[in-house]
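Undergrad: Pasting a structure below so you can have a look.
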Ligand code: ATP
Ligand code: MG
């Protein structure tokens, strides 16, 4: 399938291009004929980038005061988009759909984990958001004050975000799976005035408490917090601090259901959101209003081909990460979509839960993460096959590179061998999708995010800041400002400049490795911090992981470079086997380590052959399902495991460390 090339410049080798993927999936003509966007959109945007964005802003967003200025980049790296315009995000997401006569359209189909459900129309959402906005005002929250939101994925979480937006109070959503410690540091950093939470939420079949973590966080000292607003979800007992704690049903239900949205400037802060922390201490990324809404709305419409009258859209992300902000709350609601939100885990009460949700609501667009797809591969395709998934017409992926084997599985098993897949590259910092195929337009290549969207300018540079030629790897950068770009790291302008703007002056450095293939299409190669140096070859994590996942017994893989006396670094791989195929292989006496090492050598070349392969049950992942390779590197180098506070499940590291110390788990040369 591929061959290892010599590094182009042995002094400063750029990241190697090892994997070649020849499969192509041209758009289905029937899909293309009805698609929201056509190939001309690229040339239109390229000819007049600012004019293109101004048109999107006018067409997709309602401005209470129209803008005349498009981009002001004189304060670079802090951009101003549509700077003299004014608007309100909640009005755009809710009210205007009611005014347009679509008040009876369902905005949210909520599916609770225990099986309870609620359908909330745009008219109902408008009343609920208005009540909540009135209640927040009553609690003393004003325009510009920060509100922390620490909630399960229930409709009130969406209402809370929109109520903040309605009064111009930036929200800071903290993932409900995080500890009191993580919540505390985020409350302090944002100097939040209010926390909105719930007694608990349902996870893995039982009520899981949230309020105690808020109490614990506030006991550590949070002088700016005045109140805690508590939604009753599970009915479990909660400790109560009189005067500080307030029930949602007491103050929101009784509030007036009309509220005039506060008109804010385009550059008014909409939210702060902390990154996943895959590579280090989370950063408080902050986003503003007009540009952010414009790009989330445009990308949601173009990349997902949304037809608001007929589609049922489901993004499986939690609101605690950026995908939940841009593609659960703002993008879809601004576009008037009908969407599903699901509170719980994919395996409750059984491993078919997601597919029964798809079947129940006739989901037509599904947006999820590669980790979820690989988990379903591990469980086996007979599980989705037992459900009617024929409503699905488009699939999306985000969060990590999707290995070609997972991509083809996703399309065949979930997409009925027909649904286009959009592999969307973006970050908390970019606010919206930046690089992705366009459905009905792009001939898809499994594993590649392919092309910058219309209006977006990206490149791959070498160490000397020169664009790499096609066929080579390097550093992914964005070369022009974009509407949804971050406006900074909350309270830390220096870190903002250092992290993103100092490596390649004038260009935004994303921190990701990438390569251009022979057609110039972009393939993400993983974090540059994770790049390995093996005998002078710089190897990316992604390609070796994809080679491992292409073996029929492997469901997931993570590779890291561990210090090695002879080669500088040696590749160490952690793999999860597919349940059935893995058991069969082990029963037949297959030497899994030897088999997989040979497989990698054959797929992408001997240089990439892992020195050690460990079969594990789980991998350390963040809340958003990203593999935390830096923790695995600690394990591989026998160090004390570093900051694991953003891990979704902290027991995973103990399991892996224990496994590493049993002799049968590893294999040397
Ligand atoms: P931190 O910056 O704190 O380490 P994080 O980068 O994991 O956290 P996010 O902003 O949620 O937090 O993740 C963005 C990153 O996810 C991207 O930089 C990229 O590495 C990865 N990513 C997202 N989408 C894709 C994709 N389609 N293909 C490859 N990688 C992706
Ligand atoms: Mg990041």
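Cβ from N, Cα, C; glycine included.
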Undergrad: Pick from 1-29, 30-58: which stretch is listed in TrEMBL under region 'Disordered'?
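TA: Comparing 1-29, 30-58 with TrEMBL, region 'Disordered' matches 1-29.
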Undergrad: Across the whole of the domain 'Acetyl-coenzyme A synthetase N-terminal' (40-93), what does the mean pLDDT come to? Round it, please.
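TA: Mean pLDDT for the domain 'Acetyl-coenzyme A synthetase N-terminal' (40-93): 98.
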Undergrad: Near ligand 1, meaning Cβ under 6 Å from any of its atoms: which of the recorded positions 204, 538, 626 fit that description?
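TA: By the Cβ criterion, which requires under 6 Å to ligand 1, the hits are 626.
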Undergrad: Report the nearest neighbour of residue 512 (ATP binding site) in space among the recorded positions 206, 549, 626, comparing Cα positions.
TA: 626
Undergrad: So, three-state DSSP: helix, strand or coil for residue 206 (CoA binding site)?
TA: strand
Undergrad: Taking 8 Å from the centroid of the Cβ atoms of 549, 551, 554 as the cut-off, which other residues in that chain fall inside it around the Mg(2+) site?
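TA: Leaving out the recorded residues gives 403, 405, 547, 548, 550, 552, 553, 555, 557, 575, 596, 599.
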Undergrad: When you rank 203, 204, 205, 423, 425 by Cα distance to residue 549 (Mg(2+) binding site), which of the binding-site residues ends up on top as the closest?
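TA: So, spelling it out, the nearest of the binding-site residues is 423.
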Undergrad: Determine the minimum-neighbour residue: among 423, 512, listed as binding-site residues, which Cβ has the fewest other Cβ atoms within 10 angstroms?
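TA: Comparing Cβ neighbours within 10 Å for the binding-site residues 423, 512, 512 has the fewest.
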Undergrad: In the structure shown, with every protein chain counted, which of the binding-site residues 203, 204, 551 has the densest set of Cβ atoms within 10 angstroms of its Cβ?
TA: 551
Undergrad: Looking only at Cβ atoms, how many others are within 10 Å of the one on residue 549 (Mg(2+) binding site)?
TA: 24
